[in-house]
Amino acid sequence: MLHARVRADLAAVLALLAASAAVGVLALATARGLVPLGGDSYRTEFVSGWWWLAFLLAPVPALAGRRRPVVARVLVLALVGPQFVTAVVCVTRYRESGFGEGLEALAFLHPLLLTAVAAVLVAALRRRG
């Protein structure tokens, strides 16, 4: 039987993973895709603005893992993992639509920035605590 603290840590990791994945799915599901504007003009949106909600989850690893650095690291991975998958799906959608020009790879800036923000918050709370 798992120790109560380990079970609580595992529950926190799974909850954060589920919440982060839900944000990614929401952002992908609500994207408009390829929208003709008339003539040869198109608007492309393969991931919606809902993707930014993931940043509201950034303090969770710092708060939940402030006394246990290993737990904080695993929580950061649970937070950013689904966001990297979302970026991969976004880039794939651009390339499959024929509108990929290389700039779609900038979608990876979102999860990279989220990783940096979460890591800074973890470090700041550990220093204070």
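The backbone N, Cα and C atoms fix where each Cβ goes, and this holds for glycine too.
Residues annotated as transmembrane segment in TrEMBL: 49-65 (among others).
According to TrEMBL, the transmembrane segment annotation covers 74-94 (among others).
The transmembrane segment annotation in TrEMBL covers 106-125 (among others).
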For the transmembrane segment (49-65), sequence-distant contacts whose Cβ falls under 8 Å of one of its Cβ atoms, 6 or more beyond its ends: 9, 12, 16, 19-20, 23-24, 26-27, 30, 71-76, 78-79, 83, 86, 110, 114, 117-118, 121-122, 124-126
Positions on the same chain near the transmembrane segment (74-94), where near means CB under 8 A and six or more residues out: 9, 12-14, 16-17, 20-21, 23-24, 27-28, 31, 33, 44, 46-47, 51, 54, 57-58, 60-61, 64-65, 100, 104-105, 107-108, 110-111, 114-115, 118-119, 122
